[in-house]
Structure formats: C-alpha cells, structure tokens
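So the structure is just underneath, and the comments pick up after that.
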Amino acid sequence: MLVIFILVVIWVGRKVANFSKKSKKGLIIGGKLFVSTVQILMAVPTVFDVVLPTNFVNFLALFNIFNFSFVELFDIGCSIRVTAYHVMLSGTLVPLVCCVPILFIWIYHYVKEEAHASRITRKTLKMNSVSLLLSMTYFFLPGTSMSLFAVFPCDTLDDETRWVKSDYSLDCSESNENRRLNLVYAGIMLVVYPIGIPLVYAIVLFKNRSKLNPKRNNNLVLDRRGVGYEDYEAKVIAQREEDQGIQHTIFLWGSYRPCAWWYEIFECLRRLALTGALVFIRQGSITQMAIGVLICICSGFVFALVWPYATFRDNALGMMSHCQLTGTLFSALLFMAGKDASLAYDKEGTGSVVVNNVDVYNNASNFRSSSASFDVQNNPMRAGGGDKPAPGGGLGKFFRRNESSSVSTSARGLKLVKASTSVLSSRSVASSEKRGSDPPPPGRGSIGRSTSLTDGWSKEWSDEHQDSYYWNTETGEVSWERPASV
C-alpha cells in the first residue's frame, strides 16, 4: 500500500510540474483542504468515542494513509502487541526521522557548494528545505497530536483501578513506572508538536506580516465595496509572490488573501482542537460532542467573515469542508442521543457551554456596535468608505454594508429601552404616590380585571388607587405586596 502511494505521489508530482503557476496554487489549496478534512473525520470515532455508521467508516478507511499512523498502516499487530504507547512513539518519532534526510541533504549541499555556488544558490537551497519542512509539519500535526493526547485520559473502574481510556491494557496508576516515563515523553512531545508547530507558524507569520499585508498609502482612499480594493489586493498578492525573502514560507500564506495572512494559525488551532484536545472533556458524553459541534459552527462563521482565499472556488471548497465537518459531528450527536437517552448528559457542563456561548455572542455584538460607533466618530473616512482595507469578505461584506445601520439600530434600541424603563418607573412612582399609605380595598375590585392565583389568592385592580392588590378569598386578607406563597 505504501509503495503504491509513493508511486502515485511521484506520478502526480511529475504531472503537476507541467502545470501553470495558477493551477499549481489551486491544486495545493484543494489538496490541503481535502487532507485536513479527511484527517479530522478519521479522528472523530477516537476523539469523541462514538460509533459511526459502518459504511462511512469503511469509506474513511480508504484514506487512512493520510493520517500518517504508521503502526496502523503496516498492521504489525500480528507480530507484537501494539498499545497506545507504541502508537504515540511511532507517531512522534517517524516525522522526526523523515526530517533528518532533508536536513542532511541541505547541510551536505551547503558545505559542498559553499566555495563554488553563489550566495543565491545556497539561499534557494535553504528556502526549498524550509518550505518542505513546513509542509511536512502541516500534514503530520493532526495524527501526531491525536496519538499524544490519547495517552492522558484515564478511566476509574468499580474496583478503584485506573486504566488508560484509549487502551484498557495499560495501567494508569501513579505507582506505575512505565506510565510515568511515557507521560514525561508525551509532555516533551507536546511542546514539540501541538505547542511548537503553531508557535513556529505564529512567529514566522508575525515576523513577515508587513510584507504579507503591507499598509496602503494613506493618500489613497478606496471604497471597501468597490473594485478598488480588489485591484489593490491583486497587486499585493503579485508583489509578495515576487519577494524572494519570504518564498520559503509560502506554504503558510500563499493560499490566503493579504488581510488573512494569519489564518493558517487559526486553522492549525482548529485542527488541533478537533483531532485531540477535546479528549480532556469526558469522552463519549453529549457535552463533548456539543462542544465539538460548537467549534465547527464558530470556525465556519469565522471563515465566512474572513473569506480567506483569493478565489471564489477555493472559498466555496473551504465552506463545503466546514459544512461537512459540522454535519458529521451533528449526525454523530443525534446518533449518540438516540441510542441511549441516559448517555452521560452533563447538565452543568452543557449548561455552562450554552450560557457562555450566549454571553460571548452578546459581548461580541456589543463590542461590534461600540467599535463601529467609535470608528465612525473618530475616523470620518471609514464612514464614507474608509482608507483601511476591509478585514474580510463573504458575510463580512454584508456586515460592513450594514455597519452604519447596525449602529443606528443599536442606538435606537438603546433609546427605546431607556424610554420604556422611564415610563415604567414613572408609572410605578405615580401608583405609589396615588395609593400612598392607604390600605388596600377590603373586597373585589373592578369586574373583569381579576386574576385567580394559588392558595385562595387573587390579583385585583383598584380603580380608586389605579393599582393592583392581592386578596385572599378564604381569609379575607389583603395586601399591596405579592404574598410569598403565591
């Protein structure tokens, strides 16, 4: 299987070499989206501890090679007993072994050609090596991280013994020396892979952000919704692709628009969350699955706001990928809930997720309105089109077109709330002044303006005092205040 895969890669590589630059770029973007989506889908049964339909699992098994899990790929279970620790070791060491030949070839040619080759040749060799290493980290990250995260969660059985959740043959007790050594190794590899790779991406991109998204001339005023910004963006893309100083990092930013130069960092964190980090939430619970669906929805919303790719085709593919993942996790959630209604429903955890989600949405909405109002008041040019490039496309265009109306709508809503509060307060004060210290009427008030309550109480209306009061038909007791028993 591996030999066939290598031969196919070589054949495809030779064919792609004859493509135009634009076609190569589109193929790279499509390949990244496909591999990323497949890797996340293959991680769903393991991370969320859910049983997916057999035909769907069999379909994903056809792409198991993209998960780069070499222990499972070569199926050596017949020779030795493979545990989660073996999967972790192979998943973390194989990528490092693959990097060694690249570094060796680069050092060899650098030393050999130092006296004969020009400085440009050595620089080109270095750029090609770095670009290849960055590409490898992108494809190895999900599978490696999943194997690392899998060794941490433990299950406690009825007899108080603890076992690794992903492999019940492994003792999880603190006194187990083998367990401690593997946890130390896993901690080191966590720094190298799930933490180190996104950190390297962030450092590289932030260091070159002025070249990836240069600021526009302040004297040049372009309409955000016009063609001017698109022309400017095309010039920036052409300019940065000609800059030889950043070509070795093109894998990180070449797919995205200038304003979305940071998107690879976000994409990296999204893939990490869905391919391993969620194992620290109770696996197999509806809470964990709900958080996974929430991550997919939020990341899809960010994608729609940013619209990161330069062409509509690539953005459409990206949106389809987000919809595929969201639909898969939501279907798994329904399958899980329908299979067993008593399945580990964590009321506090799920409630916290929902409440915090609403709170974040409200704060984001308030921040959006406040920032938009601040920009319009302090930067008149943004109110009329702006001298700053639009931060995104897709749904972002819709929000920018309606930014002014959103601000005015928020202002009108705030005025309406204040007016309503003022009216209610004035009515309350007037009623209090009207009734003063007079006792409530002793009997039923206006006919047809009475409401029956519990424990013999009813709510009545007094025309004289222009206020409601409470009357107990059984005891004859009356009160302005609502009784505690009602």
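Indices start at 1 and increase along the chain as displayed.
Cβ atoms are placed via backbone N, Cα and C, with glycine included.
The annotation compositional bias 'Gly residues' is assigned in TrEMBL to 383-396.
According to TrEMBL, the domain 'WW' annotation covers 451-485.
Summarising the annotation, TrEMBL assigns region 'Disordered' to 372-399 (among others).
The region 'Disordered' annotation in TrEMBL covers 427-459 (among others).
Annotation comment: TrEMBL describes 33-52 (among others) as transmembrane segment. If one looks beyond the transmembrane segment (33-52) by at least 6 residues along the same chain, the residues whose Cβ comes under 8 Å of a Cβ in the stretch are 60, 63-64, 66-67, 139, 142-143, 146, 150, 165-166, 267, 271, 274-276, 278-279, 283-284, 288-289, 292, 314, 317-318, 321, 324-325, 328-329, 332, 335-336.
Positions annotated as transmembrane segment by TrEMBL: 59-82 (among others).
Annotation comment: TrEMBL describes 88-111 (among others) as transmembrane segment.
Here TrEMBL flags 132-152 (among others) as transmembrane segment. Counting residues 6+ beyond its ends, the transmembrane segment (132-152) has Cβ neighbours under 8 Å at 32, 35-36, 39-40, 43, 46-47, 66-69, 84-85, 87-88, 90-92, 95, 98-99, 102, 164, 166-167, 182-183, 186, 189-190, 193-194, 197, 200, 248-249, 251-252, 268, 271-272, 275-277, 279-280 in the same chain.
Look at TrEMBL and you will find 183-206 (among others) tagged as transmembrane segment. Through the fold, the transmembrane segment (183-206) approaches residues 88-89, 92, 137, 140-141, 144-145, 148-149, 151-152, 212, 249, 252-253, 261-262, 264-265, 268-269, 272, 276-277 of its own chain, all at least 6 residues removed from its boundaries and within a Cβ separation under 8 Å.
Annotated transmembrane segment per TrEMBL: 290-310 (among others), in sequence order.
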